[in-house]
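Asker: The annotation transmembrane segment is assigned in TrEMBL to 6-39, 51-71, 77-97, 104-125, 153-174, 195-221, 241-258, 320-340, 352-367, 373-390.
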Amino acid sequence: MKNLFLIILFLILGLNLSTAVCYILLAIAFVGSLIYLFCTKSKISYRKEIDFIPFSFFLIWIYGIVIGFFNGNKSEYIIANFAGMFCYILYYFLVLFKVSVSSLVKILLVATISTSTIASVYYIFDIIGIDSSFLNNFLGEINQGSSTGQLRAYFTGLTVGFTIWVLSFMYLLIGKSEKNLFLFEGIKSRNYIWLFLLTTFILYFATASKGFMLSGVFYFLVLPVLLYGKKMVSGKMSPSFFLFIVFILLVIGVLVVFDYSNIVTKMFDSEDSSNALRYLQLTYIVDDITILGKGLGAIIPNFSRSDEAEYGFELSYINLIHKFGIFACVLFFNWAYVLFKASLNVYHRKNVFNSSLSLGCMGYLFPSAGNPLLMHPACVILNCIALYLLRKK
């Protein structure tokens, strides 16, 4: 059962599957794991405070369902709205099966290569001018429209690439005496540079995504502090810091030369065509927010982003407040805790590999600011893995 569970994790993370197929696979994993749990009479024990975080997501999801029905929201909307929150139960199956870090690394590595390959195929077809619509039946549908004018191959599953990108970036920039901290889980030293180049191209160029670029800005600001901050506070300067400065200048040069700099400059520009809708949504949602929330499935009168999913909005975090009210703060705290805990570990050189990978798992949080990714099954799985990695030593 453990192997089936891991295969399902890979399929969801490594392939561009529809959300419906993801839920079917998760249902299989859930039922199979429950059967295993009862047949083996295994127990899932709460040993650490981090074990309560996934359960809090589940409880707030239940709260949203109750409030949704209480307020008379459409039942089909209630069931569909943020349905991925149920997937936080998968965290306890990771604990149940005692999944090794090396197994998770293999899944994340292969999933990153797989999703990068899918994006590359679409991107190459676009460059040479071949209609790629027939690929949708095999590789899944992608978003090829960019408001900033670049060629684009974008889909939610590409967020898994942040895991390997962060690992590679930190390995390349960390001091030579500390590089061994990143080698014990099976990724060879010579492979890091190739993985870094691949994921950099896919995440920040092929996607042409302002949200993905926002993740990059976050990591570029935070990771140097984690890598060099402690030495700089003590009056020392790591030679690797100068390598980082050179790299930053190189990145800026590439963005300008290849006309990708407007992705950064228009990141929050209200006149950008894609942002204009988001700012319009913001006005309507804020006016409809209540302290206790409107519940799952709630819509905003006289405004809809989609006729098929009137409850959904691109501004995921504001949408959480609209649905859960003040209880959305618990969810924000949970995400902040993972980022803070992982960052603190890296800064003090504790559990460095797991914490670095955990940081990478949370890369999806930033594009979620303007895209409905937060509770997508693949992103919830990444969050569960991030929590599990912090639990492991």
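Positions of Cβ are set from backbone N, Cα and C atoms, glycine also.
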Asker: Using a threshold of three or more Cβ pairs below 8 Å, and leaving out pairs closer than 6 in sequence, do the transmembrane segment (153-174) and the transmembrane segment (51-71) count as in contact?
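Answerer: Result for the transmembrane segment (51-71) with the transmembrane segment (153-174) is no.
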Asker: Which listed range (6-39, 77-97, 104-125, 153-174, 320-340) shows the maximal number of Cβ pairs under 8 Å with respect to the transmembrane segment (373-390)?
Answerer: 77-97
Asker: Tell me whether the transmembrane segment (104-125) sits in contact with the transmembrane segment (195-221), defined here as at least 3 Cβ pairs under 8 Å among residues 6 or more apart in sequence.
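Answerer: Between the transmembrane segment (104-125) and the transmembrane segment (195-221), contact is present.
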Asker: Going along the chain, which residues at least six beyond the ends of the transmembrane segment (352-367) come within the CB cut-off of under 8 Å?
Answerer: 101, 104-105, 108, 159, 161-167, 170, 178, 181-182, 184-185, 209-212, 214-215, 218-219, 335, 338-339, 341-343, 345-346, 373-374, 379, 382-383, 385-387, 389-390, 392-393
Asker: What residues elsewhere in the chain lie close to the transmembrane segment (153-174), defined as a C-beta under 8 angstroms and at least 6 residues from its ends?
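Answerer: Here the qualifying positions are 13-17, 108-109, 111-112, 115-116, 118-120, 122-123, 126, 140-144, 181-182, 187, 189, 192-193, 195-196, 199-200, 202-203, 206-209, 212, 215, 219, 223-224, 227, 240, 243-244, 247, 346, 353, 356-357, 359-364, 367, 373, 376, 378-379, 382.
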